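*Asks:* Input: one structure, supplied below.
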Amino acid sequence: MSRDVKKVVLAYSGGLDTSVILKWLQTTYRCEVVTFTADLGQGEELEPARKKAELLGIKPENIFIEDVREEFVRDYVFPMFRANAVYEGQYLLGTSIARPLIAKKQIEIARKVGADAVSHGATGKGNDQVRFELGYYALEPEITVIAPWREWDLTSRTKLLEFAETHQIPIAKDKRGEAPFSVDANLLHSSSEGKVLEDPAEDAPEYVYQRTISPEAAPDVATVITIGFEKGDAVSINGEALSPATLLAKLNELGKANGIGRLDLVENRFVGMKSRGVYETPGGTILLAAHRGIESITLDRGAAHLKDELMPRYAELIYNGFWFSPEREMLQAAIDHSQAYVTGEVTVKLYKGNATVIGRKSPYSLYNQELVTFEEGAVAYDHRDAAGFIKLNALRLRTTAARARKAQ
């Protein structure tokens, strides 16, 4: 553990853990601390974080609070959704995709204020420590990283509270008892993990769900919306042009009201263990269905199938923290190229936990109704051509079968 750090930029939420980290950095490293708090759409007031940082001795000029919602959706969420990225077949990567942006902002601030270190509040068991630190090193190779949870001896809630009381860190009454589960949230999703959720055999209590109503409690009448796309990105809802963050927020409202986006899963962490989480991604679930809907009529079959083959690798890179890696950028270039004609409108029916595409249209549609119709007509497709096509594709199968017979 290096003690020659002069100034450190801390990813700061204003909560108990990062407030303890702030004071621990001051007392252990005896360095100047700069705080960065991001508004990612987590639904919390951020000014209390400023006041708490000031109370803990941070100079006003060393407190950075930034609304990054538009940048988050435009430059991180939307590029990821162009790929239809899903980790292990279920997880829409809501937590994973937020970490690179936070890391980027910390490095930008470090350069601005002349800091020689950055710090985060991720534990030594989870994925976030990897995501943050890979981002730091990719953007600033020589930066010093301080990960308090891997260094200190504050290994229990009791010790954290004792440290806070010793150093006069304000503790909200509801924080003195250990929370039944931990929550991480941003504009794309919220995740709940730990405590009451640790046994994967037990059903998650209803109070865990904070962003969606139960599908059973959703309206008995469907909500039908139309989402407009331009080059793979959603740009409008029901004909109203919206900014990326505003559009996602609107989809979140629609998804919440219809019980859409709940997910209870056990995933494989990058660090090697399995973890159980309850995720809510109402707007993202609708967006994914709609994007696949518009791609279904605008992407060539070969391009669509190749995208689906590449997607798991792309999703894994994001999950594991390699957003700034050459391979992710290479895949992104291919994915973005595929979206040149992914423009049009998709109609989606929202009903009791389901987002179902019921219509799609595009000026660049590859769907040819004349080719697929069962009615007679003068079209380029001749049924007789299928015979040769089938025979050629069956050639290797017939050859293999003949060999098997011969070997009997």
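Easy rule for this one: first residue shown is 1, then count along the chain.
Quick reminder: no glycine exception, Cβ is built from N, Cα and C everywhere.
Given the structure is predicted, the values throughout are model-derived calculations rather than measurements.
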*Asks:* Have a look through ALA38, ALA98, ALA138 and flag the one Swiss-Prot assigns to the ATP site that ALA11, TYR12, SER13, GLY14, GLY15, LEU16, ASP17, THR18, SER19, GLY121 belong to.
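*Replies:* So, going by the record in Swiss-Prot, that would be ALA38.
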*Asks:* Need one residue: from TYR76, TYR279, the one Swiss-Prot lists with TYR91, SER96, ASN127, ARG131, SER182, SER191, GLU267 for L-citrulline.
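*Replies:* According to Swiss-Prot, the candidate sharing the L-citrulline site with TYR91, SER96, ASN127, ARG131, SER182, SER191, GLU267 is TYR279.
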*Asks:* Sort out the sequence-distant neighbours of THR123 (L-aspartate binding site) for me: same chain, 6+ apart, CB within less than 8 Å of its CB, listed by position.
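*Replies:* The list for THR123 (L-aspartate binding site) reads GLN129, TRP149, given in order along the sequence.
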*Asks:* Write down the Cα-Cα distance for ARG131 (L-citrulline binding site) and GLY15 (ATP binding site), rounded and given in Å.
*Replies:* 21
*Asks:* To which of the binding-site residues TYR91, TYR279 does the lowest count of other Cβ atoms within 10 Å belong?
*Replies:* TYR91
*Asks:* Counting Cβ atoms within 10 Å of each candidate's own Cβ, which of the binding-site residues SER96, ASN127 comes out highest?
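*Replies:* Selected residue: SER96.
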